[in-house]
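*Asks:* If you look up TrEMBL, you'll see 143-152 marked as compositional bias 'Pro residues'. Here TrEMBL flags 186-197 as compositional bias 'Basic and acidic residues'. Taken from TrEMBL, the feature compositional bias 'Polar residues' applies to 208-218. Marked as compositional bias 'Gly residues' by TrEMBL: 237-246. Under the heading domain 'Fibronectin type-III', TrEMBL lists 280-380, 384-475, 479-572, 576-670, 671-767, 768-861, 873-959, 960-1055, 1058-1155.
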Amino acid sequence: MMADQPPPLEATPILNEVPLLPHMVNGDSIQQATTQPFHFPSCLLQVILVQVNPGETFTITTEDGHIQCIQGPAHVPMMSPNGSMPPIFVPPGYVSQVVEENGVRKVVVLPHSAEFHPSMHPPPPPPHVPHYMHHHHALLPHPPHPVYPPVPGTGELPPQFIHQHPPPHVFQEQEPRSHGRTTFIQRDERSLKMQEHLKKRLKDRQASGHTNNKLNSPPASPHKVVNASNATVQNGNGKGQQGAGGPLKQKQVGKTKGSPDTEMGGSTRTRGHSLKLLQGKFGLKVSEIQARSAVLSWNLPVSSQNGESHSHSPAAFTFEVAISNSGKNGKFKSVYVGEELTITLPDLRPATDYHARVSATSSSIKESISELVSFTTESCEPDCPAAPKLINRTKNSLSLQWKSSNDNGSKITNFLLEWDEGKSGPFKECYYGHLKQYKLTKLSPSTKYSLRLAAKNDIGMSGFSEPVTYYTAGIVPPAPSPPVLLEAGVTWLALKWSPPSGVAMDDSLTYSLDMEEEGSGYGFQPQYNGDELSCTLRNLRRSTSYKFRLFAYNSEGKSSPSEVVEHSTNPDKPGPPSKPAVKGKIHSHSVKVMWEPPKDNGGADITKYFLELSDTSIGGKWEPVYSGSQREHVCDHLKPGTSYRLRVYCVSKGGESQASDVATVTTSAVPPGPCHAPCLVGKAKPKEITLQWGPPSADGGSGITEYILEMANSEQEERRQVYQGPAAEHLVSNLLPGRTYCFWIRAANKVGFGPHSDKAEVSTAPGPPDQCCKPLITCKSATCAVVSWESPACNGADISEYRVDWGQMEGSMHIIYTGPGHSYEMKGLTPATTYYCRVQAVNVAGAGLFGETAVVTTPASVPAAVSVLHLLEEDQVEIPFPLSTCLAIQWEEPSCHGSEITGYNIEYGEKQLVAVGRSTSHVLENLLPDTLYRIRIQAMNSLGVGPFSHSIKAKTKPLPPDPPHLECVVFSYQSLKLKWGEGPSRALITNPTQFNLQMEDRFGRFVTVYSGPCHTYKVQRLSESTTYYFKIQAYNDAGEGAFSEVYAFTTTKSPPAPLKAPKATQLEENTYEITWEPLQPMKGDSIVYILQLSAGREFDQVYKGPETSFRLPSLQTNCEYRVRVCAGRQAQDCGGAQELYGPYSPSTVFSSQRQEAAPACADAAPEPGEGKQSLREERLIAVVLLCGFAVVAILFAVVIQYFVIK
């Protein structure tokens, strides 16, 4: 029997049919402290504190009928109408605790044990309170006591986080759960669609109610699946454990990646037959589950081919593991890709539900994905809490408050607060308990205390928070010491001071510094206020005395002033002296200067003057030449004709003044000194040389204006002037090669000429050879010629080599030979071609001029080799030909080499020759199909046969292919999946063979339903139990093959649609009549119904037949029952009778009660207006979903067409 799980609020099919109870919450954790109603009698005003754990949502109904959802962690204060402490009836597994904090009494409802099972421990109700019911039906009267609204302004949850909902609706059934988390229920494809539809409707309602709270997505109606393994691990009593009624079966997840369409009615899933099929399941298992890690392992899959099983090594597969912590339909994240069969999942979150799956891929086996495995990580110690905050302090106490941290699946029971006792030593315990505030008393004033906090649950103790430091209140500090002068300036004073005696070093003090200026009459004025122990006062007057006093402040007040001290500023720097002036005559090597004292001495006498001199010709660096009290000085050892700059500055007690204005003095000039001997620039030429010289070392104080260059054949001969001018370089021409000449240079300035330089001897270089004569050319063959020449005059240097220039055009020749020989043989010439040639001689002096050009024409010869040979395509030939037995080639006519081409020889295959005329194309016939040929060609003329061209390879096309065998691998009531040939299901881009699949229409004509390279195709939108006829054809580049024989395939029959939830009507005290809606016969097949009843966790079949109602007698009083129904189709086929059953309807919950306490009907009909509005919303959502699916389908079709088929 299938295990049943009550769906939460979001997934119930009758979401709009019944109103929500005041105590309903989200579906993540049903059995919590915030999920049950609290019944209070009429009493005085009293605050009730409801604890909401992290990750949970507390939902109540306000007085105006709206819904408030509060997300944890939070403490929700609720108010009793009359103020007295009311009796509280708590849910099973919880206890109430009265806590008094700061004069306010609060009632905290806490879980008694994490392993409490409400079904095993029913609580005895108090005599004055009605018995607590786990499931309060929608039509039963609500409790007579009001639900208390939240107390405004007293709770920890801010008002902006409490949102108003429109009145929601109750889910249809609810099952007691323990405090342990349970796994999510897997869903089939139809339930997933229904859930998405209901999620959309709920989001629309929440948006209209201006709320951000979300209810968790529920699982829909389950169906059967084979239990893969015991890998589903639970914390507490979940669906994966053994119950009293036997083991519960896992729910099958919807269609997974890569799986084909599923059959309805509990039929097994089948895969399309590919090249290799995987048998069995992966056997994915979870073990060694810890708080933050778990171990996943799986078996190696087994593949089958042609009915035979094949095992593979782990290296043949690549496994990919993906996990999700947002539900099995949430986003999965890949965490491992490799070849291992066991991995460890690290970095998991404690007490969190995870879903895992593994997929295997191989080069020859289709990808396979395992079933989802759910597990829940263990709980662990809480996270480190935040540091406690200070809310109040006195001289002897500190009041602290803190907040809870994440409990990691186990409720925080106590907090541990430690302190250093104000001694900066090790931490010691000062508080241990469940409260979130504490007051430290009997402390010392003005003392620093360090504190840290840790949280504890049933698992263990968390780490400590970061230490935080707080001070107690203190007393007014004593009078500080007077400020001390650190450094004095002209307009500023730097002062420092020390803290008052008797004050701790870690006390927080601020200081105020007052100042009084001498003779100002304004008294003391504040100049500084801060916590530093020094300051600098600026913008003061020079050489002035100031008085100071100091105050100290703390949080308690201001101290007495310190003693008054007096400090003075320094005098200022003097002003610059006057500009230096020349006294007397300026000489070539000395000058006398004088200056006046500064106008402002800065308040102190001048003690010394400094005279500095700078030579403008060497970069302007200042050099001191005098220091003393005199105001004049003689500057000697100067250079003639040089400009100097002079400046003066002075020094007093106030410091050094700025320099005076600069005075410029120039000494008188003299004739320049001798130059260095001229030198050769570059290499000497046969008839000219270039000489270069530099300026003299001493220019005499005046710039060089010109130079005179003199030359003689020897030192005894008369000198002659060859150049006069300002340049420092000259080209001397009209010289003889290989001669030695003497040169002298002298410089001049505005004063006169200087002496001659030393003698320089320079020799000219030898010259290049003369022009060669016309060379002699003799042809030895059509491709070879010999060139010879004679030696010209060498011009003083032996000829080292000759250069031969050769070419087919006189203006575009190039050098083909360089060497000492007098002849050269040219090879590789083109027959019947005219060539030009000339020769050049070269020696150490350079190359001579080229000689006259000689002309020669080579004789004619056989044709050249064909350079361009290629294969013609079918569309490049005018006359069509069979591609399987013919090849068309084309080439370009080569050079005839002086004799006209008469024909060509074509060689192909096993050296078969074909002679053709002067045409440049030919079709080779009578070839073998699908055969590779090697082809080359040669040209002929009257002189003989030329060389063969390069070879090309060409292959004939194969014959058109035969049609493949067609078979149906997957049958469905509205689709058929066909397969043909041997190959992958998806198209390969390099596959040259295409297929044309045709199906017979209702007019008896065969129409094409698929054309492409794939080996499988799924025909959809078919009718049930109908025979369809198909035939297939293969084609490739060689042409289209013949059609196959006609194949016939028949679709299956469809199961009935799901029914709505049945209705339960109470006839007598323990008798109920169950009715459900009928279904029409499906194509003549009769409909039968199966009714199942459950009083616990498992369903039992109580009726099977064609009726639409059934009476349940002898039911137990005060017991909750659930019923569901499914329809079956009794079909007749050639194999006999067959029954196809659809899915079960949603469950209907009812309780058998006494006739006077229970209503007559267990179901409620929705209001007409509300039903119409809900119908309109459902139609709108259906249209939007249909449009979205259509757009996604079109995009997938375009992607497949572009990237796969093309």
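All positions are counted from 1 along the displayed chain.
Just so it is clear, glycine is given a Cβ too, placed from its N, Cα and C backbone atoms.
Can you tell me where each of these features sits in this structure?
*Replies:* Look at the domain 'Fibronectin type-III' (479-572): DSSP puts its residues at 0 helix, 43 strand, 51 coil.
Taking DSSP states H, G and I as helix and E and B as strand, the domain 'Fibronectin type-III' (576-670) has 3 helix, 41 strand, 51 coil.
Assigned with DSSP, the residues of the domain 'Fibronectin type-III' (960-1055) fall into helix, strand and coil as follows: 0 helix, 48 strand, 48 coil.
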*Asks:* Count, for each of 384-475, 479-572, 873-959, 960-1055, 1058-1155, the Cβ pairs lying under 8 Å from the domain 'Fibronectin type-III' (768-861), and report the range with the highest count.
*Replies:* 873-959
*Asks:* Work out, from DSSP, the number of helix, strand and coil residues along the domain 'Fibronectin type-III' (873-959).
*Replies:* 3 helix, 38 strand, 46 coil
*Asks:* Using DSSP, what's the helix, strand and coil tally for the domain 'Fibronectin type-III' (671-767)?
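*Replies:* Counting residues per DSSP class in the domain 'Fibronectin type-III' (671-767), I get 0 helix, 37 strand, 60 coil.
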*Asks:* Can you count helix, strand and coil residues in the domain 'Fibronectin type-III' (768-861) using DSSP?
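*Replies:* DSSP classes over the domain 'Fibronectin type-III' (768-861) add up to 0 helix, 46 strand, 48 coil.
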*Asks:* Per DSSP, how many helix, strand and coil residues does the domain 'Fibronectin type-III' (384-475) have?
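*Replies:* Going by DSSP assignments, the domain 'Fibronectin type-III' (384-475) contains 0 helix, 42 strand, 50 coil.
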*Asks:* Tell me, roughly as an integer, the mean pLDDT over the domain 'Fibronectin type-III' (280-380).
*Replies:* 82
